[in-house]
Amino acid sequence: MKNWIKLKLTAIGWFIYGMPISVFYRYLWLRNKTLLFKTIAVHYIIPLIIELLPWYASKRKIGNYLRTSRVEITHTMSTNGPYSHSAVIKYVLLTIYYAILDNINSHLISIVSLENRLQIRRLVMEKLLYSEIGAFDFLRKKKNIGPAELEYKLSSSINTTISFFTYTIPDLIASIYAFVIEGSELLKKGHKIDPLIVLHPILIAIYQKVSQKLRERLVENNPDSSKFKDPYNSAMSKMISNTAEGLSDIQINNLQETQLGLFDNLIEKELSNTQSFSTLISRTWRSIHNRSLFEFAAEVWVAHKVMDRQKIDNQLYRTTLLDINRVIRLGNRLFQSLGSFKNIYKHQKKVKKLLNIPTFIEEDSHLKYIYKFEELKVSSDLKFSYENKFSSELPSFPVLDLQNEMVILPNKRYALIGQNRSGKSTLNHLLCKLYTPTEGQISMNGIPYSEISRSSIRRMISYVSQRPFIFPGTIMDNIRVGNPSATEEQVLEAADAAGVFAFADDNNFSLKQSFDSLSDTFDPDMEIPPTISPLSTSSNNINNTTTTTTNNNNNNNNNNNNNNNNNNNNNNNNNNNNNNNNNNNNNNNNNKNNNNNNNKPTTPTFVPSSPSQYSTINKSTIINNNTFIRRNSSMSQLNNSGGGNVNGNNNNNNNNNNNNNININNSGVGGRRNSVMDLQNKLLNQCDESESNKLVKRVWSVLNLTSISNSGGGDESDDDDEEAERNQRSLTPIIVPQLIDGGLSNHPILNQVVEAGGKNISGGFAQSIALARIFVRTEAKIVILDESMSQMDAFKKREIIFPKLFGFAEKHNITLIIVTHDLASVQNTVDHIFVLDHGKLCHQGSHEELMNENAQVYYKLLGLRKRFKNQSFNNLNTNTNK
């Protein structure tokens, strides 16, 4: 017997311990003890003290006294009795005093209730932040509700449960006490109580309930109007919001009239509801009910009958009626409080399940914390399957069944590749301990993940997904998600490394610097790729080459003479002596060129027939177009190396170009190609500018600023060029971020505001912002890039991201795990490749090892159908093209 009682008491104790009110009070004890004490005092202690105080401090007793006084004053007035000034003053003062007490009590309850609701929402937020991914999905089984509705549903359920214990139960106890006291006092007057006076309020209450139900059943809930009351208004609101979200798709597909037709249909249904006959009946019924017509008629009849049978006056009748109504209202409160037990039980189960969700806070308190990374190992028996939360009938198939071991070492680069739905992202989520494996284990430094705290793993691993979430705010705020304490200099450096400033690069600036530094090495007959030829199309000195070999020497002589004469025309009117010297030098150059050409065998000129046809460009064209670029470039501070005495430099430039022409003619077509390749390499080398010039160039390209000076022609002097250059520098606004007292000011990109989800920016730019987060988080020793550059252009990845990323990883001893479908960009830059296929790790090794091992899945991902022995992937592509 004793054991049975002990077991029952233990079960009751555990039940109370697991009740939501107990969990919430324990939460307040750990987080906010002050609020816990206020809650207990306001809801339990103060009402008890007030009830035990004398009548002048008890709300209930003051209320009874005020009701009796009001009836007495009203009766004296109706019977034309003497006016009592003191009774009226006393009634007014007591009413004010009662209102003050009632509002103080209500104010305290509202303050504590608001604080409790806010703490409940914080509890939900804490559970959401520190719980397993998908832990809240049990609330979304029946209805696919959104995050806002989910939070409201959780908070309201918890608040209802907590309010039951903090408000309903204390109010129930107070109602029981008042009902007993008021009922006993009423029974003392039983000899003066007529049955009609007791039945009257009960019958009135029954009538009101029946009238309300009839109106709802017969009028408002008839088949014609049951669904028209509110759903169509909400449907209109949802339709407008959906239209605003998908406006671009609607306009592109010309769905405006279709949408308006649907909206007109909703309007017609809403109007049919408003204009229906049932609406008129309902409004008439409500108007009669609001006037209390039948209640008044019944009250007059009952009053005359009771006063006539009991031989009492109106004052005693009114007093007795108010006392009876007071007891009936207390009984109604008791009935409603007891009825709330049924509703609270459903919330109780849901809230208890929610509050029992474990959080990382409790977990981290007894798990190990890792401070360094030595090895990350994934067992070969690793399996994982997503729980089917929306259908218990369908089985859960494993997404991952690795079947091979994975080992990740420090300071290495890894690639994780596979087809879509091969399990790459799921494996990354397991490595970040966002999910827990169904079978098998992952270990770091020989310690299983189950024994390592999540915060420790997240400190070691930095992860960027393919679709990162962009938070509403500035770009700087979004970059600081990776490290909230990052300095503005670190954010600026990270943004530059992630290509945030490079999404609209200007090639004219690079070409301008290249022309300035390489003008002495250009040959007038050199073939220029089409990417450069548009810069020289404004000049009339471009001559197409021919394939004729018999007159090649004469053509070369004529071209040189024409080019030199045009050059003199472009730089004329400075002084006559310079013109004469130029003409003499031109003649000497032409003679030298003729002699050289006559002594050399003719070489057929290469004429491409493809769309990427090359054009010839001579020295004077380069110099003139260099001036044109300098005047029209809105990207940079101009380089003075291209200025100076143009006429004085023409002779040397002509000689150099003619000599270069001789060398090119000797080398033939192959020499021309090599020269073009050398030129392209020099241009790329010259494009590697300083960080500050890069920042100026990229920021300017973002703002689409144009040059203030007009485009220059060939008639202006060099002095005018320099003056225009100085004016442009003086009028150029300073938009480079200036460090003032350790802070960035007037930054046009980092201070740009983005919407939630990055709706107002491109996908590639959003990926650059998310990628910048890893550059401000140097404490991480493993960086996982899960298709985080899939929407970036190839130039940005090749020329900006990868060099900065690899340098950053090498500097901070970081291991890189790159998930990508662009195998050509990583196959020769990583140390090890993991190949997944349908959740299985089918191949692993370097690119050469996988090619030599005839890794079939890897071949398929490369787009190859069979193995070519003793050939690399690049050779395979070359042979295929041939």
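Yeah, the Cβs are placed from backbone N, Cα and C, and that goes for glycine too.
Annotation source Swiss-Prot lists transmembrane segment at 4-24, 35-55, 79-101, citing sequence analysis. What Swiss-Prot records for 384-863 is domain 'ABC transporter'. Residues annotated as ATP binding site in Swiss-Prot, with sequence analysis given as evidence: GLY418, GLN419, ASN420, ARG421, SER422, GLY423, LYS424, SER425. Residues annotated as region 'Disordered' in Swiss-Prot: 522-617, 634-669, 710-730. Positions annotated as compositional bias 'Low complexity' by Swiss-Prot: 528-617, 647-667. The compositional bias 'Acidic residues' annotation in Swiss-Prot covers 715-724.
In this structure, SER422 (ATP binding site) belongs to neither helix nor strand by DSSP; it is coil. Taking each Cβ in turn and tallying the other Cβ atoms within 10 Å, the top scorer among the binding-site residues ARG421, LYS424 is LYS424.
Fewest Cβ neighbours within 10 Å among the binding-site residues GLN419, ASN420, SER422, SER425: this applies to ASN420. GLY423 (ATP binding site) has a Cβ environment of 23 other Cβ atoms inside 10 Å.
Residue environment of GLY418 (ATP binding site) contains 24 other Cβ atoms, counted within 10 Å of its Cβ in all protein chains.
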